[in-house]
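*Asks:* Sharing the features that Swiss-Prot gives for it:
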- Cys66-Cys76: disulfide bond (DISULFID)
- Cys93-Cys188: disulfide bond (DISULFID)
- Cys164-Cys180: disulfide bond (DISULFID)
- 72-189: domain 'C-type lectin' (DOMAIN)
- 1-24: signal peptide (SIGNAL)
Amino acid sequence: MAQAGLLIWLFFTILLLDLTCTQSAKLKTQKDHRSKEKDGDLKTQIDKLWREINSLKEMQALQTVCLRGTKIHKKCYLSFEETKHFHEANEDCIAKGGTLAIPRDSEENNALRDYGKKSLHGSGEFWLGINDMVNEGKFVDVNGVAITYFNWERIPKGGKRKNCALLNQASQGKWVDEVCRSLKKYICEFIIP
């Protein structure tokens, strides 16, 4: 009988140990799962912080641009004395986080004209981010959006040869079409968020 009692005790002890190990494994799995969730949440928070930091850096860079250039409404303009072809000038503006300047109304055009006079010494004209390269006579901005404001000195008749617009200081800020390979000064615009 003592032997039977010992066997029963041994059986229950083994059963109890098995249950304890099973529960321990389940708890460890749950703990690992919670830990992974926390790690995922932490990674999400870190990613969000990096995005915010990058956004702040962009805003700081724009403020620097505005300090060196001029601010008009929700745009900053920055002029460059170096002469470039239309495409090179636009690529340079894009590399800096903007585009060639695109006046959307007469107020912007006049402000851009005045800023160009002040900042581009001895220059009578500079590139605008406007062209009709794709469809002759249909002027679009450098993003491909149709232009709704126009300030032409004369109706562009440059044909396939003159496809890029520039602002002419001598004609009080009127636009003229020009050969895109011409070397001109330029002004970049940056949208302020």
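Glycine too: its Cβ is placed from the backbone N, Cα and C atoms.
Quantities reported herein were computed from a predicted structural model and do not represent experimental measurements.
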*Asks:* Of the disulfide-bonded residues Cys93, Cys164, Cys180, Cys188, which one has its Cα closest to the Cα of Cys66 (disulfide bond)?
*Replies:* Cys188
*Asks:* Say you check the Cα of Cys188 (disulfide bond) against those of the disulfide-bonded residues Cys76, Cys164, Cys180; which is nearest?
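*Replies:* Nearest in space to Cys188 (disulfide bond), counting only the disulfide-bonded residues, is Cys76.
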*Asks:* Taking only the Cα atoms, work out how far Cys180 (disulfide bond) lies from Cys93 (disulfide bond), in Å, as a whole number.
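*Replies:* It is 16 Å, counting Cα to Cα.
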*Asks:* In the predicted model, what is the mean pLDDT computed over the domain 'C-type lectin' (72-189)?
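*Replies:* Per the prediction, mean pLDDT sits at 93 for the domain 'C-type lectin' (72-189).
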*Asks:* Using a 10 Å cut-off on CB atoms, tell me which of the disulfide-bonded residues Cys66, Cys164, Cys180 is the least crowded.
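*Replies:* Comparing Cβ neighbour counts within 10 Å for the disulfide-bonded residues Cys66, Cys164, Cys180 gives Cys66.
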*Asks:* Write out how many residues of the domain 'C-type lectin' (72-189) are helix, how many strand and how many coil, based on DSSP.
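*Replies:* Grouping H, G, I as helix and E, B as strand yields 24 helix, 40 strand, 54 coil.
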*Asks:* About how far apart, in whole Å, are the alpha carbons (Cα) of Cys93 (disulfide bond) and Cys164 (disulfide bond)?
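*Replies:* So the alpha carbons of Cys93 (disulfide bond) and Cys164 (disulfide bond) sit roughly 16 Å from each other.
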*Asks:* If you run the three-state DSSP split on Cys66 (disulfide bond), which class comes out?
*Replies:* helix
*Asks:* Given a 10 Å Cβ-Cβ cut-off, pick out the one of the disulfide-bonded residues Cys76, Cys188 that has the most other Cβ atoms nearby.
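*Replies:* That would be Cys188, with the most Cβ atoms nearby.
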